[in-house]
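As given in Swiss-Prot:
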- 3-147: domain 'Globin' (DOMAIN)
- HIS64, HIS93: heme b binding site (BINDING)
Amino acid sequence: MVHLSADEKSAINAVWSKVNIENDGHDALTRLLVVFPWTQRYFSSFGNLSNVAAISGNAKVRAHGKKVLSAVDESIHHLDDIKNFLSVLSTKHAEELHVDPENFKRLADVLVIVLAGKLGAAFTPQVQAAWEKFSAGLVAALSHGYF
């Protein structure tokens, strides 16, 4: 797993303190579903996802985006044990939901875009490097149930 220094943990927590779990989760999931439309197949129960307006205005997209970022929030509280913390969620996505684990990386990538847009100049290269390292650990932990 990924080892984070004290400075990296501090940067991750500083970024996360500025996140609005509901709004930023909605933005990240909306971006995922628009930019990577094939991911919509995992959300067939969400109803109309036919265009940007439908996705953006979908209450189930908003609720699931909040759920996703709530899991990220909890993971940040378990930085030293993300793999074990996310083991049940990883197994669920692998065995029950059959989500392609590449989509965890895609979601991590769109979350970086949302965070960069939100933080602007405060999302420095050093902050991004710490966040990317955390994201890699998160993706690895979520993918663990597949292998």
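Heads up, the Cβ atoms here are built off N, Cα and C, so glycines get one too.
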Local backbone state of HIS64 (heme b binding site), from DSSP in three classes: helix
Secondary structure tally of the domain 'Globin' (3-147) (DSSP, helix then strand then coil): 116 helix, 0 strand, 29 coil
Fewest other Cβ within 10 angstroms of its own Cβ, chosen from the binding-site residues HIS64, HIS93: HIS64
